[in-house]
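For reference, the structure discussed in these notes is given below.
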């Protein structure tokens, strides 16, 4: 059953592109270049191929669950307690991902254009804006994204073409100079950690006002691959693999090279719009999903739950750490663990679709 807050599949796909696109630009690319170096783009292609093979499994769950709210569907399959534990763990995943996003946004903001500003001030203001958006509804978030995203895409193509004179594609070769070593596998893990976030479409499926088809999911995955491999190759061919690996935010550094003729340069301020838009949509959308996957319909309860999660997010950002520790946690724990968690959840869901309740309440296995 679709609610009055339902949106089209394309609107949800665009939300996914904005949210995951920022994650791939900001979080994935730096650790990917550092881990794999010149062959980082190869690891993205390999991870993309594996993800494309995983997408039909996701589609299988969507089709068999009949696009119901995931929490409602899980209660029918495994009972309320286990369903609550599963959804609770997924909500924590969104909380952690939102925390990572706002932490990196704040760090980049202080480094680039607001040095000396207390990070709590930036985090507090941005959190309030995202909170006020998250307590609205999916249609509002989708409309806002529809207005902001075209400019983000335009700026992305602008920086790509404007930097064409600065690119040396010979820096991409030789390919696989060290063969298929452990670093390439690690790069695949980092790349896939961003690509598998397409699972958000499954979690918001009950809000989509049409049947979800496999082809759009595959196309979305290819687009997400492009959002990773594009700026990744750009960083390598513009700075070289060694220098790109030293940079904290290679995607931003690409903006610093842009110049138009002899008199127009320093247009990197345009990247501020891209980053703020991506972080705003990602955090608002992910936080909106938390009460949604719990199937909370009462607005007061939704506000209280979101308020608690936002406060927790702010507290987590204030835990003692430095950039080196944060970067180490991202590459060593966050990306691999979140990847394996999402894959495990998808496998569990695919097994649960084979369980069918009898009228008496017991469960049998249905192989179909």
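Using N, Cα and C of the backbone, Cβ positions are placed for all residues, glycine too.
Please treat TrEMBL annotations as automatic predictions, because they have not gone through curation.
Checking the ranges 81-100, 241-260 against TrEMBL, the transmembrane segment annotation falls on 81-100. Packing against the transmembrane segment (182-204) from elsewhere in the chain are residues 12-13, 15-16, 19-20, 23-24, 27-28, 31-32, 35-37, 39-40, 42-44, 46-48, 50-51, 54-55, 58, 61-62, 70, 90, 138, 176, 212, 217, 220-221, 224-225, 228, 285-286, 289, 292-293, 331, 335-336, 338-339, 342-343, 345-346, 349: each is 6 or more residues past its ends and has a CB under 8 Å from a CB in it. Contact counts against the transmembrane segment (143-162), taken as Cβ pairs under 8 Å, peak for 7-28 among the stretches 7-28, 40-61, 81-100. The transmembrane segment (303-321) makes no contact with the transmembrane segment (7-28), as judged by fewer than three Cβ pairs under 8 Å among residues 6 or more apart in sequence.
Same-chain residues lying 6 or more positions outside the transmembrane segment (216-237) and placing a CB less than 8 Å from one of its CB atoms are 9-10, 13, 16-17, 20-21, 24-25, 28-29, 32-33, 38, 40-41, 44-45, 48, 51-52, 55, 58-59, 156, 160, 163, 167-169, 171-172, 191, 194-195, 198, 201, 244, 247, 250-251, 253-254. The stretch from 7-28, 40-61, 81-100, 272-291 with the most CB pairs below 8 A to the transmembrane segment (120-138) is 272-291. In terms of C-beta pairs under 8 Å, the stretch of 7-28, 40-61, 81-100, 333-355 lying closest in packing to the transmembrane segment (272-291) is 7-28.
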